[in-house]
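Structure provided below as structure tokens; questions to follow.
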């Protein structure tokens, strides 16, 4: 296993700083049992009746469902540890746990569902909109592209291989539209959008600002539909998150350019602007830039951090569905922060160099990681080969910066 060898490498065993109580997202009394509000929200409360809701173990922590252990484990430095014993169970739960509720997630340009499990865990379901081998048409603007379920799955594994660990766990899943969405939804607006196509397939389209109409309906075969299941982060009432507009955000306009596209010295003013004027925030943003270039994701307009940790924490790499749309061409403008600032973390650079060597070839590692997903093969081969080409281009930019 190349993946097992990679995670044994010294570059993947650099210790994080000691985690104190103030570095944890939640401080939990290990002897106190918890149950969950029956509303199905992410909120939990102390209860003496916990034993009737959750399986008992040696200690109270053992009674937590896996998704809650994942939430409790989040700290200032990482969303989950490198050798996370929970990960196989968490991914298996996303793929196999019984779905007891399906409702549409509000907001956004495309249809997404919130699915709830019997243990009160929840996942964000993004349905399949195009096949593995379809490329985004060359005349499409980045903001009118589809979100791809397989891009969400591949992004999680790529983020883990790069050792960022800033994307919540995602698994593929085959969902029965009839039994696991239509028959159990309490969402009246969603319920009104189900129909049977002329081919006899069950379809629905929901309500959203762009792609929710009979022309963009999601149809099963006859009622089986692929999708990605992403672990939800803790409810914002419990763990406030702050949304930050990316300084290298695109204009989202058909002809207007953003300031960074016009000003080659743009990075100098970013470096003087909080929160980029101190700490490692700018370097974290450049990490995210590398991830996006490897995926071909041009749609990174915002990112989030946990409010509790202030400026000294990692960035959450959420919403990756517009990655992996094209393999035959690369988008150099995604690398603008790296090119303009000529800065990168030494640890990131060393790992990228490692992933360009034969024993740890990036495409081989991602292929191996994705082989375990229920929807394998997750990516078409040309997308995997494009990763090696793009990695070479990232390293070339860094070499040019070093030469300068």
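In case you wondered, yes, glycine gets a Cβ from its N, Cα and C as well.
Bear in mind that TrEMBL entries carry predicted annotations, made automatically and left uncurated.
Sharing the feature lines straight out of TrEMBL:
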- 299: active site (ACT_SITE)
- 110, 126, 147, 230, 231, 232, 233, 304, 319: ATP binding site (BINDING)
- 147, 319: Mn(2+) binding site (BINDING)
- 194-403: domain 'FAM20 C-terminal' (DOMAIN)
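Help me understand the surroundings of these features in the structure.
Cβ contacts within 10 Å of residue 299 (active site), excluding its own Cβ and spanning all protein chains shown: 18.
On its own chain, residue 110 (ATP binding site) has 126, 129, 146, 147, 208, 210, 211, 212, 321 as residues at least 6 apart in sequence with a Cβ closer than 8 Å to its own Cβ.
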In whole Å, could you give the widest CA to CA gap in the ATP site formed by 110, 126, 147, 230, 231, 232, 233, 304, 319?
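Between the outermost Cα atoms of 110, 126, 147, 230, 231, 232, 233, 304, 319, the distance is 20 Å.
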